[in-house]
């Protein structure tokens with residue numbers, strides 16, 4: 001059985017993420033979408049909320065499961081018996097950063113990274129940009145799954161109420 005891990009912060013999951021996850025799921029027997037935990041960053045959503053949104057958003061992909069990890073990705077991949085990391089690339093800036101990470105991961109563990117070019121429809125999308133636009137009242141409804149969009153608007157309203 002071939003498997004891959006598809007890591008990210010997914011804060012929140014976007015349609016761009018789902019495009020890459022779906023395409024990876026078509027190539028591998030199993031894809032583990034892994035919410036990477038960075039203790040130095042406070043996300044808009046908790047890790048548990050991100051997992052829940054990912055599980056809901058990938059429910060139609062039977063060979064996809066969702067998890068989280070707080071250490072080196074290659075350690076997780078080895079623990080799971082996974083030999084490939086799948087990353088989406090939006091453009092040259094992503095490539096420059098991701099190539100260095102891929103080379104380090106390969107050196108540390110022998111785990112290879114496979115790059116999937118992002119569908120041009122989503123090449124501008126990032127969770128950070130979506131959050132920023134939504135915070136200022138921009139319409140991001142076509143950039144996220146419907147339930148994720150609703151949760152994003154609710155969370156932004158909660159944060160605004162807390163700060164006023």
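Glycine is treated like the rest: Cβ placed from N, Cα and C.
Predicted, not measured: the structure shown is a model, and the values here were computed from it.
Residues or ranges marked as ATP binding site in Swiss-Prot: 9, 10, 17, 88, 89, 90, 98, 122, 123, 124, 125, 126, 127, 128. Annotation comment: Swiss-Prot describes 9, 41, 73, 87 as substrate binding site. Annotated site 'Transition state stabilizer' per Swiss-Prot: 17, in sequence order, evidence recorded as sequence analysis.
The record assigns 9, 10, 17, 88, 89, 90, 98, 122, 123, 124, 125, 126, 127, 128 to the ATP binding site, and the maximum Cα to Cα distance across that set is 18 Å. Across the fold, the C-alpha of residue 17 (ATP binding site) and the C-alpha of residue 87 (substrate binding site) stand 9 Å from each other. The binding-site residues listed here (98, 123, 125, 127) include 98 as those with a Cα within 10 A of the Cα of residue 87 (substrate binding site).
Residue pair residue 89 (ATP binding site) / residue 73 (substrate binding site) shows a Cα separation of 18 Å.
Take the CB of residue 98 (ATP binding site) and look out to 10 A: across all protein chains shown you find 16 other CB atoms. Annotated pair residue 9 (ATP binding site) and residue 41 (substrate binding site), C-alpha to C-alpha distance, rounded: 10 Å.
Put simply, 127 is the one of the binding-site residues 98, 123, 125, 127 whose Cα lies nearest to the Cα of residue 41 (substrate binding site). Of the listed binding-site residues, namely 9, 123, 127, the sparsest CB environment within 10 A is found at 123.
DSSP assigns residue 98 (ATP binding site) to a helical segment in the three-state reduction. Long-range Cβ contacts of residue 125 (ATP binding site) within its own chain (separation 6+, distance under 8 Å): 14, 15, 16, 90, 118, 143. The binding-site residues listed here are 17, 41, 87; among them, 17 has the most other Cβ atoms within 10 Å of its own Cβ.
In the three-state DSSP scheme, residue 89 (ATP binding site) is classed as strand.
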